[in-house]
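Novice: Sharing a structure with you now.
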């Protein structure tokens, strides 16, 4: 098998001389080579010179494997001498050789640029060169070059050399004889090559016509007289060097394929496949005839004609091998590319000769090249420098190192070839004629080929059709045979079935006759046996009754004895217990007496220790003061020494810092170098990883391609399987009728068997009474059944063949299904693999992005480090400058230290003097008759009001305790105050009538008024006589006696004790330290503040309207009223939080001249501002912050506040209050909470009352203050605000003796505590969630929960604000009312700025996250809504409402939110978009599923209100339960939500399948508390009217995966525990309610 390889056209470059004729010849040669030779032949790369125009690029190829030439005449040829070659052939042979020559020639390539590079020197040198060949010399002396200046000598020498070679080789004298073929192309002996056609050429030059004919004679190819010429392609040249003028070619193979000669023309159609290049010819030596014959015995070359015109042109020579032609004249020319060549860089070339042609004959020019092989030894004879060879031929005939050959004796030789060209011309008409004939012939051949293909295709289609007809006929025959067999089988089976039926009918008739006879006999025998059995049973029964009576009598006697013994033991046990109780009571009383004595002794010892410790402390303070003064002096001296040492160390530090800076700079430079290396290494690693990734991607692409091919294979198998499946279905359809007939027969047998089994069952019922006969009948029936089964087995055997066939088909089908599953598995694996590869690709992309990010980060860090280093450089420079400055200032600093030392010594002397004066002033001030003492005695008392005659005991104790404290005023002074400033105070000016400090002291006119009263009392005291009846003196004396005789804790009142214990709280769930306390009740002192507040609200009404917008609370809590164009900062209390109390103090109200009283009590009750007190001018001044004054206000403590502070510094908790703290008393707590943001709104009102050892939990309005005990009312004075707390403390102290009894009763009774935390996730949830109790005995899953909702609406149907029962269906909750308002709002296009933060959210803990999404910022209004949800529409009609998104907390005004806000489909949860609703579903799904069940419970309640039948059943259960157990509620228990929905849809008849005792239950109040039911349900059960109403609750058992649990009750009093922050309180509540908090997330 041979392959046709196209070969690039090769450029042949002429370097023999200049010429004006430019031609271009392109040749495409087709070559057939054996397959086994393709790997051995190295095809050279032939260069092609590009065309300079479109005409130059024209090519026309014949459809055969011969070459086509295109010759373009580009310019006028150069005139040259015409060379005539004598021919020895006839004219006919000339035409044949001309045709063959036309097929073997190539186009001449013209390149005008080459001609321009030829110099005159080159032309002259080349024209003067001549070559002399000596054929008689041996191989070593093969080449002998001689140069002459006469050009004619060259021609003579060449002709002489040619004649000698012809005589030596003994070849034919034909001038155009062909050389022998090479050894590599020897033909197979069985297929000799055909002789080539003759080649003829006709040339017209002027008026002379020259015809040349080349004849190819069939002769032996191994003719020794034939020579070959090597040829080297252009591709061996370097790309940077000019092309050589002559190319040679070398052959390295030993095979030859016969050339295919066919007529062609230049206008023919090019062939589809370009012909391959000619076979290379091995390099041979031509030194002698013997060596020539030895090396060229099997060589052959192509015939190429040459002419003198070709030798004179610049065109490149052909690749074709040529025979030697004697040349008479050889003018040389320069190389076509450049004039300078190195012989070792260029292939071997030859000289060419040219002659002048006419321009009209250029198109028909043909080229024949003759090659003469010239060898040269490796000694490089007469070699000139490489720059310019000595001979003109050397520059054109280089000897590359690769073009060498080895002779027979092993010595290396280099070879050189010289090409000669002869061009012939032909007639144009002859060429056109041949072209037309070739075209017609090719068209005819193509038409014949197409006809043959059509005939073959038609014959193949006929054969396929006949084969299909044959197969179809065979299929029909097999189907008809199968149908005939099936029909015969059916008929046979039908006949057999009829025979069996007849035999069975006869057998059954015989069996019935025998059975009737047997039954008659059995009936008679059975009657006889029944009579005997009845007599035996009567006897046994009588005997058993007698024995039973005897046993019962013995048991009765034994029980009576045991009862008497048990009564005796009980009496003895009761007596023993009574004696033991009396003994324990006596022991307890004795222990209490001993403990009381011990406590009194311990208290006495403690007082003695305290007095002793006080004395020791006083002496210690005096000693410490003296030591402190001495220590200060020593410290001053040590400080001076330290400063001198510090100066020295600073100098050393500066030097050390300089050295460190230099070292740091060196380290910085080293770090920069390392970081640069690190960045370069990272870049290198990234490139390596990128290369690996690309390789992995390439491997993945290949793997995907393999998977695609496998997928195609799987698809083909699937198609084949589907075809086979269709064939199987067709076979099964034909077999279905047989199987169906067998199935019907089997069903008939089954029916008979069932009938027989039914009769057998009847017989078994009769055989219970007669076992022996029954056994015989069973054996007979078994024998009959065995026969029937035998017949069935025989019938089944006949069907085994069909079943086996069906089984085989089923097995085949299963196999196909298995293969299908395998294919599906392969598909799945392929899909997984592709997905895995996709993920890997994404991972690689991510890694690449990460690496890029890391590189960017490294660069950014490098830039940042660079900035840091620059800053360090600047800082180092600055430090150096500072060190130079500090060195200059060191002398000045030493002088300054000396001056400071002297000034400090003077200051110390002045300080000692002033301290002495201060002590003298203090002694004078503490004198009995000093102005300070008189001011204390004459100031208004704390309890003094307009009705001073009424004073409570608690107030007297507090006031007396305060009055007994000595008040000392210590005025602090600033450190910068001068030494003489201590003398300029009010103590030094005490006796002056006018004190300038009075105007600035506390900034109040009350101090001036008080001081005037003190001065008047002092003067009266000095001038009046001592009166023993003076009440002031008597009271002072009494107070002094009490201080010395009574223990200090006994004078401590409960009010102060409660203050120090932080018990002035109003909530049990919130940490309120640091917040204003709530309002306790009305007071006359609130009137001035109310007026001021009303005026403030009137002035800032526009602020209240803006405060409802939550966006103003984003950044600041101050509002900015316009005042002279400047914003005035005022502290905003944020519209009063729900947990913020209405704190109103006399300190914050303006001074009232009609009523002047002390502010100590207000200061006592307000812990938040105790550390920072301001002048009580008015409320606005209290929190105003001036824009230009940003410094904090300095605290100015008034004399009364200082006095009270000193009086309460050392107070302790009295023992009577600590030991007898009230326990189990009525504790009323009211908590209102309304959260912001995601923090919920909740209202919890809890009242826990202990009565007779029981506890009840009720939901009630806020508590009413209790009435005072003993009909003693507190005066309307300064304690009016706190009278509730004082009254409570008085009650607790007056009833201390009742505490022990109440504790005893509490221990004996069953105390049930209902927690104060009743937060279910909604404001008024009305439902509970719990696990299914075990007592219910229901089979439920682990995730089943019981959702219970109570019908808590028991109010009247009419209301002052409308019939809301009809409007809301009786379900009045916060969510339902707010949702109805939201649905009624008309949407607008208003777009408000939303606030993503939590507007008005305080930092206190909020109990849940399910507060209503619709709210208003007016907390007082929201409190009213919480109390009365049914009045929500009326309360909120003038308020601005907002809606908040549960997911992103986006806030909108109600009308604007109506456009795009959406809600959950099952509950009242709002979202700003469907995306937020989708994103929040994982967190909301648990509660929402719970809410759906809650809604379904409410639907059941509403259905019951309309269902009279249900009400009748429930009313009966309620009456019976109340008459038996007391108050309680009726509960309807539904086992699933589907059952509840069925009841809502169909009414009570949907529950008719369930008994009432499985649906309706009655729970007492005690059971509800024990099961922790909804507090509102318990409250309703305690107050409803049983004769008129009943309470209903609905329980649905639902399987909810994440259902919130009912929070457990609070087991301890959180208000009694101190917390450092709201966060700590939140954590405490969270730990206590772990099950509840585990289901919901809370935000604090």
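Even glycines carry a Cβ here, placed using N, Cα and C.
Okay, so Swiss-Prot annotates it like this:
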- 30-41: compositional bias 'Basic and acidic residues' (COMPBIAS)
- 160-174: compositional bias 'Basic and acidic residues' (COMPBIAS)
- 254-272: compositional bias 'Low complexity' (COMPBIAS)
- 282-306: compositional bias 'Low complexity' (COMPBIAS)
- 307-327: compositional bias 'Basic and acidic residues' (COMPBIAS)
- 410-455: compositional bias 'Basic and acidic residues' (COMPBIAS)
- 744-791: compositional bias 'Basic and acidic residues' (COMPBIAS)
- 799-814: compositional bias 'Low complexity' (COMPBIAS)
- 815-851: compositional bias 'Basic and acidic residues' (COMPBIAS)
- 1012-1022: compositional bias 'Basic and acidic residues' (COMPBIAS)
- 1032-1051: compositional bias 'Basic and acidic residues' (COMPBIAS)
- 1141-1150: compositional bias 'Basic and acidic residues' (COMPBIAS)
- 1164-1173: compositional bias 'Basic and acidic residues' (COMPBIAS)
- 1183-1198: compositional bias 'Basic and acidic residues' (COMPBIAS)
- 1445-1488: zinc finger (ZN_FING)
- 1445, 1448, 1472, 1476: Zn(2+) 1 binding site (BINDING)
- 1464, 1467, 1484, 1488: Zn(2+) 2 binding site (BINDING)
Novice: Using C-alpha atoms only, work out the spacing between residue 1484 (Zn(2+) 2 binding site) and residue 1472 (Zn(2+) 1 binding site) and round it to an integer in Å.
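Specialist: Checking the Cα atoms of residue 1484 (Zn(2+) 2 binding site) and residue 1472 (Zn(2+) 1 binding site) gives a distance of 15 Å.
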Novice: If you measure from the Cα of residue 1445 (Zn(2+) 1 binding site), which of the binding-site residues 1464, 1467, 1488 is the nearest?
Specialist: 1464
Novice: Residue 1467 (Zn(2+) 2 binding site) has how many other Cβ neighbours within 10 Å of its own Cβ?
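Specialist: A 10 Å sphere around the Cβ of residue 1467 (Zn(2+) 2 binding site) contains 20 other Cβ atoms.
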Novice: Cα distance, residue 1476 (Zn(2+) 1 binding site) to residue 1488 (Zn(2+) 2 binding site), nearest Å?
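Specialist: The Cα atom of residue 1488 (Zn(2+) 2 binding site) is 15 Å away from the Cα atom of residue 1476 (Zn(2+) 1 binding site).
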Novice: Which of the listed binding-site residues (1448, 1464, 1472, 1476) has the least company, meaning the fewest other Cβ atoms within 10 Å of its Cβ?
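Specialist: Counting other Cβ atoms within 10 Å of each of the binding-site residues 1448, 1464, 1472, 1476 gives the minimum at 1448.
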Novice: Express the distance between the Cα positions of residue 1472 (Zn(2+) 1 binding site) and residue 1464 (Zn(2+) 2 binding site) as a whole number of Å.
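Specialist: Taking the Cα atoms only, residue 1472 (Zn(2+) 1 binding site) lies 11 Å from residue 1464 (Zn(2+) 2 binding site).
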Novice: Quiz question: given the binding-site residues 1445, 1488, which has the greatest number of C-beta atoms lying within 10 angstroms of its own C-beta?
Specialist: 1445
Novice: May I ask for the distance between residue 1464 (Zn(2+) 2 binding site) and residue 1476 (Zn(2+) 1 binding site), taken between their Cα atoms and rounded to an integer number of Å?
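Specialist: Cα of residue 1464 (Zn(2+) 2 binding site) to Cα of residue 1476 (Zn(2+) 1 binding site) measures 11 Å after rounding.
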Novice: Measuring Cα to Cα, how many Å separate residue 1448 (Zn(2+) 1 binding site) from residue 1467 (Zn(2+) 2 binding site)?
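Specialist: One finds 18 Å between the Cα atoms of these residues.
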Novice: Check the DSSP secondary structure of residue 1445 (Zn(2+) 1 binding site), expressed as helix, strand or coil.
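Specialist: In the DSSP reduction, residue 1445 (Zn(2+) 1 binding site) maps to coil.
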Novice: In angstrom units, rounded to an integer, how far apart are the Cα atoms of residue 1476 (Zn(2+) 1 binding site) and residue 1467 (Zn(2+) 2 binding site)?
Specialist: 15
Novice: For the zinc finger (1445-1488), report the average pLDDT of the model, please.
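Specialist: It averages 82.
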Novice: DSSP on residue 1467 (Zn(2+) 2 binding site), three-state: which is it?
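Specialist: SS state of residue 1467 (Zn(2+) 2 binding site) = coil.
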Novice: Can you count the other CB atoms that lie within 10 A of the CB of residue 1484 (Zn(2+) 2 binding site)?
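Specialist: Other Cβ atoms within 10 Å of residue 1484 (Zn(2+) 2 binding site): 20.
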